């Protein structure tokens, strides 16, 4: 067996940490390069770039997962990490090529899907949720720490050093996969030959979505997920840019914001979520999380002062309890033999939102003329900064962040739909997780959804 030792969760943890640590380092230089490359329509181009990437990821994830069932996980881990990190050195070589390759890299930017399949191969059913939680916590930890380090190095040295360092971390990740990561899928679990056919059902990204309307409860849950995750996906793609250019945060403040909100969200998903689930129940926890999300988005939409962003960030951490609670409800309410299918639907909807959300936000920013004439310099401590709109209007002064207000309206609709979800339509059965684990084999994108209860990426990196 190639690699070091037996395949373990720790191999997956290192791969995820290094990939997202590399991208997290680039948070500050990426914002600078983005505006320098597209000075007239920064937010629109940002939304289109990440929208194309998200849609390509949505379309390719089931196919890559199905192929990894035939050819093994290691080769596809290498493929996804390589192509996801390929744009990094281009940031300083050719910004136009950098953004073009980022868009196209969405075809292979599905490392999480392969990682969760890797974990499913090597863990027992009762160990899986803990393993997914460890991978997800590692993802959060990498994004909590790396933007602050990248911002400090940009300030103390230069953007070029940060790009070189991030490229080195990405190469280290590729080398680790090549030399240290053993294959997790045994030969006997694969089809007889490498030429084994892949069915269209396995590779069709819309296959799971077609089953949404077959059960009224599942339909209500899926509509809730779509209406609430669409604005969240758009927020991930543009919010750090918005803080930097419109609100006037310095690079160091943006990094500190990511770290603080990330830590608060981890606490919310571990400590607070458990208390709420036991005290007020599953459905009420979802409703409470959606309520926090509405408040957070409205505050972002109307807020124009830095302290408002910090306060809304704390609310955002509390809103991160929504999707773990939804995942738990799906697991509890679905039939034992439908776990993989239903979780696959949730994954498909969130993948679709990852493409539509950024494009929607970029378009709304464009409609409301939220742009800058010039890149704001790093502000010194204590120096006040105000939004510098290219076309200041009365509306922009009243509503600095129009897309966030649109998002709040979308989540309000999601809350109204969630009110009709029955909390106890099926009794939890002892075999309710059986299909959940089997889904790792028949639907390779299911493990990603299965891990969603531990992986609520409040700080999902907007550049990867």
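Just so it is clear, glycine is given a Cβ too, placed from its N, Cα and C backbone atoms.
From a predicted model like this one, the values you see are computed outputs, not experimental measurements.
Between the stretches 189-207, 284-302, TrEMBL puts its transmembrane segment entry on 284-302. Under 8 Å from some Cβ of the transmembrane segment (43-64) lie the Cβ atoms of residues 34, 37, 76, 79-80, 99, 102-110, 113-114, 198, 202-205, 207, 233-234, 237-238, 241-242, 347-348, 351-363, 365-366, 370-371, 443-445, 448, 462, all in the same chain and six or more residues away from its ends. Using the rule of three or more Cβ pairs under 8 Å, pairs at least 6 apart in sequence, the transmembrane segment (161-181) is not in contact with the transmembrane segment (97-119). Here the transmembrane segment (404-421) touches the transmembrane segment (218-242). Their Cβ atoms form 3 or more pairs under 8 Å, with each pair 6 or more residues apart.
Among residues of the same chain six or more beyond the transmembrane segment (308-330), those with a C-beta under 8 A of the stretch's C-beta atoms are 218, 221, 224-225, 228-229, 243, 247, 249, 257, 260-261, 264-265, 267-269, 272-273, 276-277, 282-283, 285-286, 288-290, 292-293, 295-296, 299-300, 302, 342-343, 346, 421, 423, 449, 452-454, 456, 458. Between the transmembrane segment (351-368) and the stretches 12-31, 76-91, 131-149, 218-242, 284-302, Cβ pairs under 8 Å are most numerous for 218-242.
The stretch in closest packing with the transmembrane segment (254-277), judged by the count of Cβ pairs under 8 Å and taken from 76-91, 131-149, 218-242, 284-302, is 131-149.
By the count of Cβ pairs under 8 Å, the stretch nearest in packing to the transmembrane segment (76-91) among 12-31, 131-149, 218-242, 284-302 is 12-31. Of the Cβ pairs linking the transmembrane segment (218-242) with the transmembrane segment (131-149) and spaced 6 or more residues apart, fewer than 3 are under 8 Å, so the two regions do not touch.
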